[in-house]
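For reference, Swiss-Prot has these:
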BINDING   3-33  NAD(+) binding site
DOMAIN    2-283  domain 'Prephenate/arogenate dehydrogenase'
DOMAIN    287-354  domain 'ACT'
Amino acid sequence: MKKILIIGLGLIGSSIALGIKRAHPDFEILGSDRENIQEIAQKRGIIDSKVSLVEGAQKADIIILAVPIITTLELLKKLATLNLKKGLLITDTGSTKSEIVELANQLFDEDKVRFIGGHPMAGSHKSGVMAADINLFENAYYVLTQENQELRDLLKGLHAKFIILDAKEHDRVTGQVSHFPHILASALVWQSDDFSKEHPLVKHLAAGGFRDLTRIAEADSLMWTSVLLSNPEITIDRIENFKKQLDEIALKIANKDSAAIEHFFEQGKKIRQAMEIHKGALPNFYDLFISVPDEKGVVLKVLGLLEDFSITNVKINEENREDIHGQLQISFKRAEDLKEAREIIEKATDFTVV
């Protein structure tokens, strides 16, 4: 019986365990974490056995490190001192890859212990073992730093989309589309809070657009500190690049160059619409925005048209916003469902669908 050790039984580690169990019910899942977390995981059928780090590592055929980056680095050093099975496969789930992969390559002889960096690009506003979700990674990208069929097979029950990406390129790409936006979100919150000291209405008028832009500012501060410090060069490069872009648009505004300003927004709109937005580090789905009249029963009418679809979330935006796409927001897990739902609503109603 193949033994899989998962170190870290939070949302990611526990959800991976459930996915492995779905595809490989004959595998034994060992779990290492704090005693109370292990107890919960075992009672909920997420793991089969509770083990200490040393005991589990020496028994395991595959080890998954589902812990923060700084802890992953410490654990790799600890594992390198243990008597591990020859041919052991180790992988991680960290949001950056270069520092982790470089350390693993220094510590382990590939003929004895193999290391494949991993990054499941999905998450939730919930956390901890109680939030474990067998479908968390469905249709989400799962990055591997090199091809490995054994790991693909192990994780096939996650129903994720595996892509192979060099560690350095992974950090460049995620630095732009994941790490840097978290800096922007928190910076905008800081700026607005400072501005509100002289203009207190800021906090009352900050509605839809501000809320959407700054949602990720509520992410785990310790985790994101660890992420940024693990990817400093790319992060600083993206900050400097953004400063230049802000300076350029500021100059256009100062020069009252309306054509250039309009082009700035129009081009941004086109680029955004052309992007295929998938699940990222936090929940992100395929969203349909519908402008509906403020009438009784209209939401039920729309949902009735979509009764055969798997809908992830329905949100009614109550405030009137000058920048909103539609008062009703419906989220799907699959792009195909969004496309079909759009066609159904457009045929059955005169509502504007975006």
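Each Cβ is built from the backbone N, Cα and C atoms, and glycine gets one as well.
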With neighbours defined as other CB atoms within 10 A, the best-packed of the binding-site residues Leu11, Ala23 is Leu11
If you draw a 10 Å sphere on the Cβ of Ile7 (NAD(+) binding site), how many other Cβ atoms land inside? 25
Per DSSP, three-state class assigned to Gly31 (NAD(+) binding site): strand
Conformational class of Leu11 (NAD(+) binding site) under the three-state DSSP mapping: helix
Phe27 (NAD(+) binding site) has how many other Cβ neighbours within 10 Å of its own Cβ? 18
